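Listed features, source TrEMBL:
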type	residues	note
TRANSMEM	A:12-34	transmembrane segment
TRANSMEM	A:110-136	transmembrane segment
DOMAIN	A:115-325	domain 'ABC transmembrane type-1'
TRANSMEM	A:156-178	transmembrane segment
TRANSMEM	A:198-218	transmembrane segment
TRANSMEM	A:260-282	transmembrane segment
TRANSMEM	A:302-328	transmembrane segment
Amino acid sequence: MIRFIVSRLIGMVLVLIVVSLVTFLIFQAVPLLAKSSPVYYYIGKAPATPELLKTLTHRFGFDQPLPAQYWSYLAGFFGKSITDGTSAPVQCDFPCFGYSFRRNELVSTLIVQALPVTISLCIGAAILWLVGGLLVGTLSGLKPGSFTDRAGMTGALAAVSLPIFFTGPVLLLVFVYTLGWLPDNGGYVDITVNPAQWFLSLLLPWVCLAFLFAALYARLTRSNVLETMGEDYIRTARAKGLDRRTIVVKHGLRAALTPIVTIFGIDIGSLIGTTIITEQVFNLRGLGTLSIQAISSLDLPVMLGVTVVAAFALVVANFIVDLLYAVIDPRVTV
Amino acid sequence: MTDTSLADAPGTTTAQRPFLVVDDLRVHFPTDDGLVKSVDGLSFELRRGEILGIVGESGSGKSVTAQAILGLHKGSKAQVSGRILLDEQDLVPLSENDMRGVRGDEVSMIFQDPLSSLHPFYSIGNQISEAYLVHNKVGKKAAKQRTIEMLQKVGIPNAAGRYDDYPHQFSGGMRQRAMIAMALICQPKLLIADEPTTALDVTVQAQILELIKELRDELNSAVIIITHDLGVVAETCDQVVVMYGGQCVEKGTVDELFDRPEMPYTWGLLGSMPRMDRVRQERLTPIPGSPPSLINVPKGCVFNPRCRFSDRVEGRRCFTEHPDLLETTGSTDPRVRHQVRCHIPPAERQEILLTEIRPTL
């Protein structure tokens, strides 16, 4: 087990190094190839004079060879001092994603502000879609062709086909602006401030985001349950004289839901990317909104930071899933 | 074999009275293409301590029969009719709930492929003791004790140490032993083994059959062995039912059936069986053609499209009239019941057997 964990941790670090290399190449090397300068994207505007451009290019190290730049980019994660030459230098501690000159803020500060929103959104939505998707999928899979099955799968098809930028405004219109059941508080309220408000402010975003995933999970669960219930070991379980509940829950679902753990790990890891639209629709200032703003204002340090954080989330989620899988399936040796 | 079962338990009624009576069993599956008549009017009887072999090709209805006895078709679309009397109780009308008490307790089953029939996520010990716990009001500890005992009995070395092993950690033969332990843990009065040795190599096959026989002797259970391997039947069974197209085409004691088979299909089966005790022939003789569609069952005798002898019956009766399962006149012992479903007149059947079939076997 310990060997497994250590080897997976080493693998994680390797993946992160690859991610950092790719982001470095895209964001710092590509502008050079395009005969432009990363400086524009670093400070978010064109320097006033060619001399200033030259000074800044030197100060940020863009005049050094690419490997040396990559090295200082990597080393920068562990902390560095940043200055634009006019104001006092800013100390950036590990994990350092650099400094946004557009916003005059450390990128890590921006991320730390945005992260609770995105995490709240992701976890709540994940719980909703897991419960909903697995429930509908299991009920459908146990009685294929029944009314429940047809209704569930039709609903799933509809949910998959409806984009968040459609369902989101519709839900807002109905529940906030027409029925007035939910407060129009204009965005996220932190859980530490007011848990009830936090819950209400996220309810619609959760439902919206969960809807999409729940539909996929319902279909996946249905086919897994359907397949598993036809397995020989289910027949064995019946032949032993077990009751229906034990057969379905202990023997059926245990096997049917195992592959879903894998998918879930990947989905929850990549969710940060998926939340962009939801955050936009519901005016939540999470990582999605942060990256949209960074892209539209060419704020390179923020883009880099969000990318690395998203990659990290994905890698960690996969690591946890691998661990879980080894616990669930005895055939997987660790 | 009837002699021995009478001799085994003189005076006791259970030995003489059939323990299992299957009477005109029909299992039909409605499908989009039509009604699949997997089992169509099957009848047989079985006493405790006896082993009955059901033989036939794939799709002849053997496994469907076994699953019907266990009530595994309940809750599916299958239409089951007829009677299955287990110790004089009819199992066909029982609800799924009532049937659950019978399954695994009075009747249990060994399946063909032990790897896919065991749950990959639970340990062997867990799965076997589960079968015991569901029918006995005992604690987990007692169930574990009993499971280890059973594992020892079926010949698994270091049974206590292997209790927590998973199916994938067992070899094929060991897995089948574990399946047998699971099937026998509640001491069933009827054991159904559905092709118990098909997935196993020959040496293990022999051990497994030996084990089933030993346990039959110990528990005095009735046993049904479903197989397409006539070698297995010859080695273990007392009675044989030959199935074809969902029907019984010939049945009788094992000696009678191997010595004086009378149905052309049985001849074909015997002709396609490799024999170690005879001089090797050039080639085995396969039965031409393939099993019938169970939706459009041939008119007349089910076997007529593949039968070499249908032209020996007057007036094309093989193609127009469904033959009845009738007693043969060949046997001298009145206790040996040998029934055949064939239009060829009995005298001629014996003639064909002697002159045309026997020399080629």
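Cβ coordinates come from backbone N, Cα and C, glycine included.
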(request) Using a Cβ cut-off of under 8 Å, list the residues of the same chain at least 6 residues beyond the transmembrane segment (A:198-218) that approach it. (result) 120-121, 124-126, 128-130, 132-134, 136-137, 140, 152-153, 155-160, 162, 164, 167-168, 171-172, 175-176, 182-183, 185, 187-191, 260, 263, 267, 274-275, 278-279, 281-282, 284
(request) For the transmembrane segment (A:156-178), find every same-chain residue at least 6 residues outside the stretch whose CB is under 8 Å from a CB in it, and list them. (result) 136, 184, 204-205, 207-209, 211-212, 214-216, 218-219, 277-278, 280-282
(message) Do any residues, 6 or more residues outside the transmembrane segment (A:12-34), come within under 8 Å Cβ-to-Cβ of it, and if so which ones?
(response) 40-41, 62, 66, 69-70, 73-74, 77, 300, 303-304, 307-308, 311-312, 315-316, 319
(message) With Cβ-Cβ distances below 8 Å as the criterion, list the same-chain residues six or more beyond the ends of the transmembrane segment (A:302-328) that contact it, or say none.
(response) 1, 4-5, 8-9, 12, 15-16, 19-20, 23, 27, 97-98, 100, 102-103, 107-108, 110-111, 115, 254, 258, 261-262, 264-266, 268-270, 272-273, 287, 290-291, 293-295, 334
(request) Residue list, the transmembrane segment (A:110-136) vs rest of chain: Cβ under 8 Å, 6 or more residues beyond ends. (result) 97, 100, 103, 152, 155-156, 188, 190-191, 198, 202, 205-207, 209-218, 220-222, 257, 260, 264, 267-268, 271-272, 275, 278-279, 284-290, 302, 305-306, 309
